[in-house]
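Report on the structure given below.
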């Protein structure tokens, strides 16, 4: 893949000596096709392509953004040289951290051990595939020159960034915040990257939830009203528009968006605390421990913001003019039903975290490992389609497992607002639904729920990527 650029750099090194400045100057003039003393994104893309360098999606933009100190959208000669010199220093640090036995070469076992510390288990065969993609001389080891030439125009600074391609829970927001929280490295915590990633994820979630709010409200209506006339998606949407106009399709969305910030903050804080309890003596957190810590963090976060979940449901099923807003809704619930009403449906909600988060994590990890072992030949970057596919599949399976509990939770939240509806507990509601509507009654409303998954995931990903650029992540 990189034979041309490797030959170019090695030939320059042989002719000009070890001075990297000379090699990089030659490379700059090779990329500066129009000879204006600057290299822009288009020249970088075309030049790297001509030299056989397959860099990741958006890598050229990241390189220009990182090196463009005067923010004119180009890399002049000085900026180009400074960027590569700084990048080479970072690559040297990454190489040294991987070279555990300090023999000046990276071997398959060192690749496996480094990825294992990041929670990725790969086979020896796959570790050798990774090495072969960098190995220019066929020795099945990678020395510093091979490492430098391979990662010369890769904006990733260290091996830990491989895992970042697979961080998905803050990125892919489908409206149900029951996933295991993201992992952040010590470096990300020290540099403040963690809060930028959380902010980007929160913005992505807000836009995604707003974009799919009509389907989310339809799901709630179908869950609460069972087998009434809105069992059909089109019919249900028409009824909502007829009752309250187009704006009614977004009823309850305000609360759904507002609760993202406190829930995300609480989940992140709680996850860090629970991780300390379950981390082994070696300082590592296994998949099982991560699942337990993540589930407990999810339960803690849900407990703290659960009254907002009740408000969202009541607003969604409310009629036009019934509530003037979130605070009016809260006031009326307090006056008529008391404080306990804000925690109706709490038990099935908490019970639903375990199957959702567990299955979502297990399937995502399985798909991730499968892709890395079978398809990650040249890069650990899976690409957008693979990420969206894995995230959608794992979230969908998690929803299937926990949906009956989610439906019972929603009915318990809403039943006091429905005239003549008996106030049943979790067991009573379960028996009533099965007796009246059959087993499939427990999955009432799942069609619009599934229908919103792909657009929600896609919107989340696009907004997240845009926010990352804005925040300089």
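Here, residue 1 is simply the first one shown, and the rest follow in order.
Glycine too: its Cβ is placed from the backbone N, Cα and C atoms.
Topology note: residue 42 and residue 416 are separated by the membrane (different topological domain names in Swiss-Prot). As annotated in Swiss-Prot, transmembrane segment covers the listed stretch 252-271 rather than the other ranges in 232-251, 252-271, 272-291. Which of 165-184, 325-344, 345-364 counts as transmembrane segment depends on Swiss-Prot, and there it is 345-364. Across the structure, residue 139 (Ca(2+) 4 binding site) and residue 43 (Ca(2+) 1 binding site) place their CA atoms 34 angstrom apart. All chains included, 19 other C-beta atoms sit within 10 angstroms of the C-beta of residue 38 (Ca(2+) 1 binding site). Within 8 Å of the centroid of the Cβ atoms of 32, 34, 36, 38, 43, where the record puts Ca(2+) 1, the same chain has further Cβ atoms from 31, 33, 35, 37, 39, 40, 74. Sequence-distant contacts of the transmembrane segment (198-215) (same chain, at least 6 residues past either end, Cβ-Cβ under 8 Å): 170-171, 173-175, 182, 237, 240, 249-250, 252-253, 256-257, 260-261, 264-265, 268, 448-449, 451-452, 455-457, 459-461, 463-464, 467-468, 471, 473. Count of Cβ pairs under 8 Å against the transmembrane segment (252-271): among 295-308, 345-364, 388-405, 445-464, the largest is for 295-308. Cβ atoms under 8 Å from those of the transmembrane segment (345-364) belong to residues 168, 176, 178-180, 287, 290-291, 294-295, 298-299, 302-303, 306, 309-310, 390-391, 393-395, 397-399, 401-402, 405-406, 408-413, 426 of the same chain, restricted to positions at least 6 beyond its ends.
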